Amino acid sequence: MGFKCGIVGLPNVGKSTLFNALTKAGIEAANFPFCTIEPNTGVVPMPDPRLDQLAEIVKPQRTLPTTMEFVDIAGLVKGASKGEGLGNQFLTNIRETEAIGHVVRCFENDNIIHVSGKVNPADDIEVINTELALADLDTCERAIHRVQKKAKGGDKDAKAELAVLEKCLPQLENAGMLRALDLSAEEKAAIRYLSFLTLKPTMYIANVNEDGFENNPYLDQVREIAAKEGSVVVPVCAAVEADIAELDDEERDEFMQELGLEEPGLNRVIRAGYKLLNLQTYFTAGVKEVRAWTIPVGATAPQAAGKIHTDFEKGFIRAQTISFEDFITYKGEQGAKEAGKMRAEGKDYIVKDGDVMNFLFNV
């Protein structure tokens, strides 16, 4: 599994349309608030042309992409942090994800009602972010109350945690995002168990009309907000993506050519999510299967091996490693080996994105 990204937004911004296109799950996207109550989950393959290039050389029995999970979380509304509009359940569902894809409506359409009567991305973002911040404020205050007693008793870990929580508190009181705070890795680790919603990596998915990718003041608003808090923006037209998702490969390529698109916008959403979580891919390439594996950036060779099986990590000896570029240039493992491009990497090797690896282990 790659990662779990929760898709959030106000009702009627195009969340379920986007989710349907992402997963081809075909859940009902009714023009009505709260048509999604239980979160719908879809597992989506990670688009990576490198996998096909490797398969062309190796000719395996099958190819397996890495995947990620998208969760369509029901439309949040003002007051969700106090339980309005089924809010408590929604917030719990978001808490269980690793990242947030916040869909924002950046198009006019009289046939699709807007919950507040007008299209205003800045207001929409503020409503959602305020609800998330209020939920986090409640979590933070409870944690401070709980940790204070231990800290007074001289508990070092409790003191460290309390210091971080007291840094977070004023930010949340002002409905600010914790991800905009400059927290160190140690500080984040101290409060990780609390699963703060506003600390989760977030991308804004700007849902635009077919002609709304340029000269769109709504889109500009979203970009401005994202820049201030260090988030990314991915513009897509959910309606077009839904059409593309229904086509077979040949029709899809033709349709995208007509629209002047190089690839479905959803590929950008998936890749942005991947990057957001600091993930990368390595490959295994054998005649039985060519496969992509997800690891965090900075993972060592044994940690990468452990993704396949824990025994590979426990008994790790070394990793026969070829860069993706060399594997393609020299037409596979044998050619790369003959050209002196296969390396034997040890326990301290930091895996690079695209490495083609074969692990030697002994248990």
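Glycine is treated like the rest: Cβ placed from N, Cα and C.
Its own atom aside, the Cβ of SER16 (ATP binding site) has 26 Cβ atoms within 10 angstroms in the protein chains shown. Swiss-Prot lists ASN12, VAL13, GLY14, LYS15, SER16, THR17 with the feature ATP binding site, giving sequence analysis as the kind of evidence.
For the recorded site, SER16 (ATP binding site), the DSSP three-state label reads helix. Residues or ranges marked as Mg(2+) binding site by Swiss-Prot: SER16, THR36.
The domain 'OBG-type G' feature in Swiss-Prot is assigned to 3-256.
Feature annotation from Swiss-Prot assigns domain 'TGS' to 278-361; the stated evidence is sequence analysis. The residues of the domain 'TGS' (278-361), classed with DSSP into helix (H, G, I), strand (E, B) and coil, number 25 helix, 33 strand, 26 coil.
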